[in-house]
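Below: the structure, in C-alpha cells.
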Amino acid sequence: MDQSSVRKKIRVKTLVKVPVETKRSERKTNNSPTQIYSKVQKDKKPTVAENLKQFKEDITGRKEEPKKKKSSVVGAIMKNEDGNKYFELEEDLRVSETVLGKNKYVDVRKYFGDKPSKKGITLNTNQIDELRKIGQKLLERAKEAEKNQEDLEGEGSE
C-alpha cells in the first residue's frame with residue numbers, strides 16, 4: 001500500500017464528526033446530519049432499500065403505505081406474469097394451464113407466495129382425460145358406497 005491510499009482512507013474516516021455528548025438541558029431537539037449518522041452507526045447501517053424508501057418519503061412528504069396482500073378468490077380464473085391461466089383451489093394450491101411448444105399441460109402445484117414449490121404434478125392432455133374418466137368412476141363408486149352404508153344403517157335400526 002502506498003501512502004496516498006492510506007491518506008485517502010484516513011480522510012474518509014475523518015469526514016464525519018460526531019458531536020460530543022452534552023448535558024440534557026443543552027441538547028438540541030432537531031437532528032443534525034451528524035447526529036443522525038451517529039445514531040445509525042450505533043444501531044446498524046441501513047440497507048440501500050431503506051435509504052431509498054427514506055429518500056422517497058423525504059421528497060414526497062408522505063409515508064409509503066405497506067402493500068396489501070391480494071385477496072384470493074377461490075375458483076376464479078386468473079393470469080400470472082407469463083400470461084398463463086390458473087385457478088386457486090386453496091390459498092397455496094394452484095392449477096395452471098401451460099403451453100410449451102404445441103403441447104398443453106396442466107400443472108397442479110403448491111405455491112409459497114409467488115414462487116412454486118417442488119410439490120406438484122404436471123399432466124398432459126391425454127393424462128387429464130384419463131384422470132377425468134377415473135375420477136367419474138371413483139365418484140360413482142363413492143355414491144354407491146354411501147347408499148349401501150345408508151341402507152345398512154337403516155336395516156340395523158329396525
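From the backbone N, Cα and C atoms, a Cβ is placed for every residue, glycine too.
Annotation comment: TrEMBL describes 128-155 as coiled coil. Cβ atoms under 8 Å from those of the coiled coil (128-155) belong to residues 106 of the same chain, restricted to positions at least 6 beyond its ends.
Annotation comment: TrEMBL describes 88-134 as domain 'Transcriptional coactivator p15 (PC4) C-terminal'. In terms of DSSP secondary structure, the domain 'Transcriptional coactivator p15 (PC4) C-terminal' (88-134) contains 10 helix, 31 strand, 6 coil.
Taken from TrEMBL, the feature region 'Disordered' covers 21-43.
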